[in-house]
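**Student:** From TrEMBL, for reference:
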- 380-490: domain 'Cyclic nucleotide-binding' (DOMAIN)
- 55-78: transmembrane segment (TRANSMEM)
- 90-109: transmembrane segment (TRANSMEM)
- 129-145: transmembrane segment (TRANSMEM)
- 201-222: transmembrane segment (TRANSMEM)
- 246-265: transmembrane segment (TRANSMEM)
- 277-295: transmembrane segment (TRANSMEM)
Amino acid sequence: MVRVHPSEAAVRNNTRTLWKTVADDLRKQAPKTRECEEYEHIKWVIFPDDTFNEYWGSFMSMLLLYTCLVSPYRVCVVEIDEAGWMYSDVVIDFCFFIDVVVNSFLAYYDKESNLIVSKRKILFHYLKSWMFVDILSCFPLQFIMDQKNYSTLLRISRVSKLYKLAKMIRFLRMLRLARNKNRIMKYMNTIFRVHMAIERLVWFLITFLLLVHILACLWVFIGRFDMANSDQNWIFMNKMVDYDEFRIYLTAVYWATTTLTTVGYGDIRAYNSNERIFACMSMIIGIFLYSYIIGSLTNLLSNLDIREAKLTRKLDIVNRLHREYPSIDKNFYKKIATALEYKHKNTKSNIDTLLSDLPLTLRTKLLIVIYQRELQSNTFFENKKTDFVAFLAPMLKPMRIEEGDYVFKKKELAFEMYFIISGEIHMTIDIENSDNKSQVEVLFNALVAGYYFGETDLLFSESRERSYNSKAAKKAELLSLPKEGFESMLKMFEEEGTQIMTMAYNRNLRLREKQQEAIEIYNKSQAVRRLVSIPISEDFDMNTGPIASINVIPADTSEVQEEATQTRNMYNAIIEDKMGKVESDIVWTKRKLKNLKYVVSEARENLTRVYEALM
């Protein structure tokens, strides 16, 4: 008995061909829009997929997040800005101004997904959308008002409130956060590669924390807005006038959190009209936000756990059957539960809808990438076309066989063929023992990872029954291909089907020869054992002379080893010349009979329809 390994050269060749070709294709970047012949003559226009635009968009997204965190605190909480902060504001204002210029030359897609590259249309489209807000938010009004002459005039005059309100212009920048939400989420997904539901949960959390931060800063701003003329404000009434800026901010965060979550303890409350109006607005925002977040979280968590819920329902059914039927013992129950959990964990679920919406080329490449780990080292798929692999891959079902368990037994109906991902599979036959009262299981072949089996019975068994047993010598992980998928593959891919059928025919002959060899070796070993175990009778006649000593010669296995080597060489030769031999008469006749069967079936259906039409 020889363990059949896939050829190492074949595996390396396999890696260099199909899978490497697909990987190289995926690494190739699509040509930039600017490089297309249709747009290469266009100047002074920034295309959405330009490298500059991608890096600039990432930079502005980070700058926007920084602005949303720092600007509200400095505008509302910090009363006296240091010179360093003022100069940093100028730099940031300049960056936002550059962004206005970039957007004025940035091509866009219209509602019909047509790329608009006309400079006049680009500028007009930007003017109708965000240009005014962007220009106003980057205008350095804060820097102008912080100059000596303007600052002194505004602070000592009755228009000091205008000075404070002018600082609020920076809040317009935060409107960009809503506009750039999809871009920021795309960057998050690119960096962290998390589940979509987790991504949305993180976005909800960021939105809530940012809203608390902004409301807290505004609550401080409103409390200080008219402090010079009145002591009726929450800061003065709670004796926080002498608190430092950060302590006041923390108190405001506490108020914003209790208000948005509809708790509202009442220890920090409104004391004037401005504060009451803002508190009412905050409570209304809190009600909508609280309801929206709770509903969204419930929906997201239910979707996130939907696969686990399906597995739980299946395990509940198994538990009920275990209780109702005593014949299902603990070990059998454990095997069923383990099989369900393994299939649940390894099944490529929820991709059918995605695949149906993709173009054929992208669908094929995606399937190659998804199933690369399982299939790239299997000899069945060596040097096959990508369409062939993509056709079979979605039909493969994962399964795990524990050590000593059977994949199938002789005389069982053949419904599947199998691909070995890991472990070792033994092929055995049952032989009548010498006492004719029991059977002995004899091993005649062994397969390891990278090989496949079971297709010979699908093709050549007259009664579609298994001709041998197969069991796991070690814990094995397999992929099963149903009979319907196997037959569909033979119809769809005639060239590959011919190769597979020819190879299967030769393998079927070899398996039968190996079975006969195993039977002969077993019978010889039993005969030798019976001969050695002959007893000497008590009335043995000494005159007959002593019995000659019997040299027990073990069965000659050199012949078996030679044939196993020939089998491996033949298999490698078949792989190398890609089954260039002419189909055997048996295979050719069987294929023609199948074709004739379909023709007869189709003719019968046509005659039936004609008869029904006449009646």
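Cβ coordinates come from backbone N, Cα and C, glycine included.
Any TrEMBL annotation is an automated prediction that lacks curation.
Describe the structural context of each listed feature in the structure shown, including burial, neighbouring residues and relevant distances.
**Tutor:** Within the domain 'Cyclic nucleotide-binding' (380-490), the DSSP-based counts of helix, strand and coil residues read 26 helix, 49 strand, 36 coil.
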**Student:** Is it true that the transmembrane segment (201-222) and the transmembrane segment (90-109) have 3 or more CB pairs under 8 Å, sequence gap of 6 or more?
**Tutor:** no
**Student:** So which of 90-109, 246-265, 277-295 has the most C-beta pairs under 8 Å when paired with the transmembrane segment (55-78)?
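**Tutor:** Between the candidates 90-109, 246-265, 277-295, the best contact partner of the transmembrane segment (55-78) is 90-109.
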**Student:** Let me spell it out: take the transmembrane segment (90-109), skip the flanking residues so only those 6+ beyond its ends count, and list any with a Cβ under 8 Å from a Cβ in it.
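**Tutor:** Residues 44-48, 53, 56, 59-60, 63, 67, 115-117, 119, 122-123, 125-126, 130-131, 134-135, 137-140, 143, 173.
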